[in-house]
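*Asks:* So TrEMBL lists the following for this protein:
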TRANSMEM  172-190  transmembrane segment
TRANSMEM  224-243  transmembrane segment
TRANSMEM  255-275  transmembrane segment
TRANSMEM  281-303  transmembrane segment
TRANSMEM  324-348  transmembrane segment
TRANSMEM  354-373  transmembrane segment
TRANSMEM  467-493  transmembrane segment
TRANSMEM  499-520  transmembrane segment
TRANSMEM  541-561  transmembrane segment
TRANSMEM  567-592  transmembrane segment
TRANSMEM  604-626  transmembrane segment
TRANSMEM  638-657  transmembrane segment
Amino acid sequence: MAKKHHTRNKRKVIKTSQSNFLAANHLLGSSADTNSTNSDHFVNNIVTGKPSYYNVHENIIYPTATQAYNLAALNDDIVEEAALLESDQPYDGEAENMSQSRSFTNSVNSFHSEWEYGTNSFQSTHNSSGYDADAASPRYSGSILSEVSDSLLLIEERDRHAAISWYKRPSILMISTIMFLYTFSIGISMSADLKLTTEGVCYLRNHTLENCDSPEIQQLNASLLKWNTFISSFIKILVSAKMGKMSDIYGRKPLIIFVFIMTALSKLSMVFILTPKFFSFYGVILGNAVDSLGGSIFVLLGLANSYTIDVVNDHERLQALGKLTGALFLGLSLGPLTSSFLGVSFHIPNIQLIGLAAFLTIVSLIVLILFVPESRGMKLITKSRRASVRSRREMDIKPTFIYKIGLSPFFDSFQSLKLLWITRPKITATKMINVENTESHSTEFQSLMPHVNDSKEIDMAARINTLLLLIIEILVNMCSAGASLPIALYLIYQYHFDQAQLGLFVGVASGMRSMVLTLFNPWFQKKLLLSMHLDQFNVDFIDLTSIFTALVSELVAALFCSFTTKFYAIIIYVIFAALSSIASPVIHSTLLKYNANPGKNGEFFGALALIRNLMNLIAPWLFLSVYSIGVGYNHPQAIFYVISIMFTVSIILLGNLRFKMIWD
């Protein structure tokens with residue numbers, strides 16, 4: 001017992017002498033930033049009434065904001081890790097959740113709008129964080145690892161970006177260009193891939209390419225697509241959340257590069273797999289599984305969303321996410337149109353179009369490596385790495401049963417979903433502020449500034465809103481991910497579309513969505529901002545109006561196709577479904593309002609990508625099954641019945657969202 005007590009005393013870093021501080025640095029290793037050559041150590045009283053801790057710094061009288069960040073980071077790592085080392089109890093996840101709630105309280109109460117950010121903002125936030133004696137251990141209060149510090153570091157990094165030349169700084173233009181190049185590359189091979197797969201199935205069944213539009217071939221092709229989508233989506237589920245978390249630790253760019261590499265390898269392999277000589281069901285599944293190891297388009301969209309949040313201010317977030325999604329649909333529009341043009345005008349075979357897609361993906365990868373900068377700042381990357389190291393240390397000290405039997409990597413893929421379970425304290429809007437345009441000095445829009453209740457009651461309205469929005473997101477994604485292939489098969493079966501016509505349809509539909517997101521949505525959001533109040537911490541009527549418009553548009557489109565098989569119904573579907581494209585970026589922007597961990601935006605979008613891939617696992621199976629049954633009963637438009645039902649349910653759920661009341 002005496003030996004144990006002696007060991008614990010040796011681990012303490014509470015200041016008694018300079019030698020004890022140096023011993024603590026040696027104990028904590030690389031986690032504490034003690035590489036400064038300055039030999040002047042000093043006492044830093046972070047919070048009045050708390051023990052003092054030694055830190056190395058250049059100026060103790062008038063530290064700059066950057067120096068203050070480094071100072072707090074050093075102090076926090078020493079205090080937090082020492083508290084963990086000297087404790088007999090393992091790391092308490094619930095205690096951390098409570099600390100995040102307290103930290104969110106400090107963040108909201110000391111919140112200053114980003115356009116007014118400066119050194120005073122940091123000092124106000126830092127001084128107001130305070131010490132909660134009734135709360136938890138000293139490693140949490142006043143901590144640089146708190147969410148308020150993540151917010152400030154994120155704003156500081158955005159300010160640093162603004163000082164860089166436009167062609168060197170990370171920007172929405174950079175990431176939108178990369179997103180366009182990626183989707184343009186895969187869009188070129190989209191219709192060719194589907195057509196070659198259908199021909200391959202037909203050749204395996206009939207040993208000829210005649211009568212490939214028969215119901216039997218359609219059902220067999222739908223079965224292959226179901227299994228292919230199921231296996232690919234299962235792999236994507238395992239990697240999507242991990243990719244988001246790794247982007248917080250290592251940066252956005254390395255993970256985006258990995259996605260491009262795996263897609264390029266997949267396209268190169270499909271050049272051989274989709275030839276009649278080598279075609280097989282297993283080959284198609286294996287080739288797509290390679291792409292799935294990189295996460296494919298949903299993971300890339302999540303990484304691109306995280307990149308966007310790194311470089312734009314909060315009040316610009318919705319329009320930026322819309323532009324990014326617009327770039328995605330622009331690539332998906334021009335890709336099939338280019339494929340159709342090359343096939344009709346130059347009679348380029350389908351297999352060569354897939355080779356062209358592989359070549360363009362490699363070229364895009366080179367552009368990404370050479371010209372696109374990293375968006376995530378080194379301070380946030382370093383903090384995420386330290387948090388990851390602490391988590392691994394805790395697991396080594398107190399391993400769980402799952403960890404012992406080797407299943408921890410599998411279950412860790414779902415840990416990010418906890419970010420979507422809201423634990424923040426209850427807040428209410430307190431006052432209205434006018435946000436002015438810095439150039440014209442005119443009011444751009446009005447925003448609600450929040451206040452956290454003195455009680456530690458969990459914001460149940462925020463939790464319910466998040467769950468409802470997630471269900472709406474799931475239903476919307478199920479329709480977009482699950483109905484795309486059946487609709488393509490429906491066009492081939494009902495209207496006898498060939499490759500060129502199918503490519504033209506996909507191009508026009510995606511082009512309409514891109515126009516809505518890049519042209520209509522910014523105008524629409526600007527009009528809403530002038531007539532409605534913006535709430536940066538809760539769902540507001542701007543969000544409600546945008547989502548409602550999107551859901552009703554898709555519902556109208558599906559109902560037209562449900563009641564008639566005339567071709568004009570498809571034209572109406574393309575027009576109205578384009579308006580529904582604003583739903584996804586608006587829902588993502590709204591969900592981000594409830595994220596109390598700004599330093600984990602990558603993991604947050606990784607969790608959303610995980611849900612998308614989970615729906616991509618279930619939805620195609622559901623819709624292709626419905627399509628197969630509908631074809632068997634000579635009623636292929638049955639898929640539009642399912643779409644109508646899902647969007648009707650989404651509208652009902654949207655009507656149950658809870659809003660914060662405005663206090664004058």
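Sequential numbering from 1, following the chain as shown.
Cβ from N, Cα, C; glycine included.
Not measured: the values here are computed from a predicted model.
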*Asks:* Which residues, given as numbers and ranges, are at least 6 beyond the ends of the transmembrane segment (567-592) yet have a Cβ under 8 Å from it?
*Replies:* 305, 309, 317-318, 321-322, 324-325, 329, 420, 466, 469-470, 472-473, 476-477, 480, 491, 495, 505, 508-509, 512-513, 515-517, 520-521, 524, 539, 543, 546-547, 549-551, 553-554, 556-558, 560-561, 601, 604-605, 608
*Asks:* Using a Cβ cut-off under 8 Å, which residues of the same chain at least 6 positions beyond either end of the transmembrane segment (638-657) come close to it?
*Replies:* 465, 468-469, 471-472, 475-476, 478-479, 483, 486-487, 490, 539, 544, 547-548, 551-552, 554-555, 558-559, 561-562, 622-623, 626-627, 629-630
*Asks:* Honestly, do the transmembrane segment (172-190) and the transmembrane segment (467-493) touch, with at least three Cβ pairs under 8 Å and pairs 6 or more apart in sequence?
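*Replies:* Between the transmembrane segment (172-190) and the transmembrane segment (467-493), contact is absent.
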*Asks:* Under 8 angstroms, Cβ to Cβ: which one of 255-275, 281-303, 499-520 has the largest number of such pairs with the transmembrane segment (354-373)?
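*Replies:* Comparing 255-275, 281-303, 499-520 against the transmembrane segment (354-373), the winner is 255-275.
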*Asks:* How about the transmembrane segment (541-561) and the transmembrane segment (467-493): do they have 3 or more C-beta pairs under 8 A, pairs 6 or more apart in sequence?
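*Replies:* Yes, the transmembrane segment (541-561) and the transmembrane segment (467-493) are in contact.
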*Asks:* Quickly jot the same-chain residues contacting the transmembrane segment (281-303) by Cβ under 8 Å, restricted to those at least six beyond its ends, or write none.
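*Replies:* Counting only partners 6 or more residues beyond its ends, the transmembrane segment (281-303) has Cβ contacts under 8 Å with 179, 182-183, 186, 197, 200, 224, 227-228, 231-233, 235-236, 239-240, 243-244, 247, 252, 255-256, 258-263, 265-267, 269-270, 273-274, 324-325, 328, 602, 605-606, 608-609, 612-613, 616.
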